[in-house]
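Database features (TrEMBL):
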type	residues	note
TRANSMEM	B:21-43	transmembrane segment
DOMAIN	B:76-268	domain 'ABC transmembrane type-1'
TRANSMEM	B:80-102	transmembrane segment
TRANSMEM	B:111-132	transmembrane segment
TRANSMEM	B:144-167	transmembrane segment
TRANSMEM	B:188-210	transmembrane segment
TRANSMEM	B:216-237	transmembrane segment
TRANSMEM	B:249-273	transmembrane segment
Amino acid sequence: MITTRKPKMKLSDYFQRGKNRTETAMGLLFVLPAAFFCILFDWYPTFDGVLMAFYDWNGYDTPIFVGIQNFIDLFAHDELFLKSMKNMTIFVIGGLVLMFPTIIASVVLFRVRNSKAKYVYRVLFCIPMVIPFIVGLLMWQYIYNPQFGFLNQFLKLIGLESLRGVWLGDADLAIWSLLFMGFPWVTTGAVLIYIGGLQAVDSSIWEVSELDGVGPVKKFFALEFPLILGQFKLNLIGAITAGVTGYTLQMIMTNGGPAFSTLVPGLYMYQLAFKSQRYGDAAAISIVLFAVSLLLSWVSIKFIKSKED
Amino acid sequence: MEHATTKPFLRRLGWAELLKHATLIITCILLFFPFLLMLQMSLKTQKQIIFELFKIKSPFHYDNYAKAFREIWPLVGNSFMMAIISVVLSVFLASLAGYAFARLRFPFKNLLFAIFFLKMLIPGVANLIPSYKLALHLGILDTYLPVILFCAGTTMPFWVFVMRTFIEQQPKELFESMRIDGAKEWKIFSELAFPLMRAMVVLMSINVFTFIWNDYIWPLVTIPTNTALYPITLGLARLATLYKGQLGVLTAGYTLACIPLLILFIFTMRHFIDGLTSGSVKM
């Protein structure tokens with residue numbers, strides 16, 4: 001994996017006086033700071049998190065070892081946790097379905113003939129990425145505002161007053177309102193990544209398909225989608241991980257309410273840890289989520305692989 | 001004049017092309033819609049928002065911006081400080097280590113590289129609570145430090161790997177000739193390796209910067225009481241509850257909060273687009 005200039009050096013050779021020793025010293029000096037940060041602020045919390053899941057800890061007393069009791073409690077007695085897992089399933093499935101508008105937009109953009117127009121669209125698509133995501137969320141919070149929010153005012157304007165709702169305040173609607181929020185569900189960063197994938201392909205392939213007179217829909221399934229499968233897999237894993245472990249959206253928009261209808265396990269974990277000081281139970285949820293996202297990613301990649309053959 | 005050019009233009013364009021443009025233009029309008037709404041609301045009083053949301057007419061209330069500026073300015077400052085220090089620290093560490101792994105000989109190289117490589121395979125999605133615990137024990141809560149230090153730690157695995165791969169792709173002779181001329185290792189790094197890595201450095205900087213700029217939960221956890229240190233994300237969420245009855249001022253604040261990154265984008269646009277569309281981001 002690593003190329004060295006000279007084959008096989010003995011350990012003592014590195015410390016010989018002169019050039020070797022300076023190079024050893026500089027090499028270690030260059031690498032160790034990065035290693036230190038990675039170990040202390042990334043590896044250590046990862047290991048500590050696994051350990052914490054087997055302890056009860058309230059933030060100041062000595063942690064008490066409880067074995068797998070935290071996990072048993074979650075799955076056997078904790079109705080809120082089970083409810084949050086159900087909600088999470090909806091968010092994950094929603095997230096996967098809503099990946100497709102992005103793919104369609106990417107292919108449409110790629111097929112535009114005029115290269116100048118193409119560039120303009122790409123620049124425009126970059127702009128949502130540099131707007132702080134919190135601004136988008138807070139604007140949607142206003143759009144859903146039941147009293148004078150945009151949505152209800154708009155429904156009144158077009159004479160559909162009967163459809164006005166309290167959206168995020170309605171236990172039956174809140175989860176769907178949250179899923180609707182990304183409308184039109186085009187993740188612009190992903191568009192650029194897909195476009196990159198399509199551009200990296202040898203251009204003769206498009207000329208051949210042109211000559212064969214392949215229709216636009218068939219061209220998508222036979223050519224374009226298979227070509228961006230690598231990018232799709234990466235985004236798929238991103239979407240799964242975000243769906244399983246993410247909770248910023250729910251935290252800001254509804255804080256899990258009303259009546260826990262938008263509570264997701266990640267948010268429940270946050271509340272257990274930082275509101276109820278039940279750090280052990282919270283760490284156990286983290287481990288469960290970690291395992292679920294890893295498993296789902298692995299299964300979906302396997303599934304795509306088997307389809308490829 | 002307009003009529004004369006549109007007709008042949010349309011015929012040349014064809015229905016298929018027209019459909020594509022229509023799809024993309026509608027997508028763009030819908031994507032930008034919340035922000036366009038924000039812009040037009042930011043010039044209105046609360047009364048105008050409640051009763052004339054759909055009318056774009058004067059009097060425009062520019063004073064919303066004056067009021068919002070006082071609230072937004074410290075938030076932008078905090079976010080900038082955290083983001084810039086994080087970028088400088090993590091780019092410095094990652095490029096140094098990446099260069100050393102690619103071009104220097106030293107003992108335990110494989111073992112040390114495994115520290116970074118293995119962490120890429122084990123993502124830190126369960127890190128929040130133990131990281132908080134660590135920050136608590138280090139006594140650095142309610143400062144910028146947790147954001148900066150943990151950012152440097154967690155960006156290392158991926159970016160050390162990227163930097164190493166990049167330097168390995170550069171011709172060895174460049175480095176050898178400088179070494180033969182008797183240049184010190186630090187000089188080789190700072191005058192040859194680092195400038196060579198420029199494209200990667202820019203990409204990493206943008207990446208780390210936008211990550212810190214948008215981070216919500218980690219600063220929320222590690223800045224529990226000192227609201228004077230709030231970054232934009234936390235600050236805007238807080239203002240949204242404080243200024244509930246002054247949507248004009250609030251949306252003016254949102255608009256102001258968008259500006260710094262937009263300016264940065266204008267300067268780095270080429271790198272930004274090239275980096276993402278290079279076709280190398282895949283599995």
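Glycine residues also receive a Cβ, built from the backbone N, Cα and C atoms like all the rest.
Any TrEMBL annotation is an automated prediction that lacks curation.
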For this session: Compare B:21-43, B:144-167, B:249-273 by their Cβ pairs under 8 Å to the transmembrane segment (B:111-132) and return the stretch that comes out on top.
Result: B:144-167
Exercise. Hey, does the transmembrane segment (B:216-237) touch the transmembrane segment (B:188-210), meaning at least 3 C-beta pairs closer than 8 angstroms, sequence gap 6 or more?
Worked result: no
Exercise. Which bits of the chain, at least 6 residues beyond where the transmembrane segment (B:21-43) starts or stops, bring a Cβ under 8 A of a Cβ in it?
Worked result: 49, 53, 56, 60-62, 64-65, 247-248, 251-252, 254-255, 258
Problem set entry | Remote residues contacting the transmembrane segment (B:216-237) - C-beta distance under 8 A, at least 6 residues beyond either end | 71-72, 74-76, 78-79, 82, 128, 131-132, 135, 140-144, 146-147, 150, 253-254, 257
